[in-house]
Amino acid sequence: MCDAHLRGPSGIITSPNFPIQYDNNAHCVWIITALNPAKVGGESGDIQCSKQGLNVETQSLRLRNRSCLLGNSKDNGCRVSNSVHRTGLQVIKLAFEEFDLERGYDTLTVGDGGQDGDQKTVLYILTGTSVPDLIVSTNHQMWLLFQTDGSGSSLGFKASYEEIEQGSCGDPGIPAYGQREGSRFRHGDTLKFECQPAFELVGQKAITCQKNNQWSAKKPGCVCK
């Protein structure tokens, strides 16, 4: 589908006609918006009770504008503390499964926010046949602009999008014939890679999740020696 406003929490985007060749002179725009830009958990209370000097196991119960779930808190020997759990801003993670555009002539531009074509918000301009690495927005919206020229075409692209919490770069995956040390993808976290004995590493041995929600380098690959 060409020209669409999409909402989370996840979905698929493909070039027109995929997996058949796309059209010449195409101009398609997709704008993805997080379903819940800033998620807020339900109000809850921690209730601690004691009876005859014995502590009863703490329970976390959901409150719905009630002064005390167990009646009079003094009579029950209970102390209720209310809290609201808030999670961070939701951002958009874009992961490509297939990618084949006419190099230098047909492009897919990916940017932050909801204003497509804004050069100040461009994250990547993609072309060629290499499958792009994971892309994560810096706010709750991401836009994609697909443009082709008047001659020549290829198979196009297929990508999946998903909401993730801000402060994360998303899982970049593990290279084929390789392994990874590390399983956290938050700001400042570092992943280290190595290949099986018959293969050698191409790319960075270690990548770090940066504050712009992007990894410091692409996931490396493993090629036969």
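Backbone N, Cα and C define each Cβ position, glycine as well.
Only one of Cys169, Cys222, Cys224 is recorded by TrEMBL as the disulfide partner of Cys195: Cys222.
Spatially close to Cys222 (disulfide bond) yet at least six residues away along the chain are Pro175, Ala176, Tyr177, Gly178, Cys195, Gln196, Phe199, Glu200, Leu201, Val202, judged by Cβ distances under 8 angstroms.
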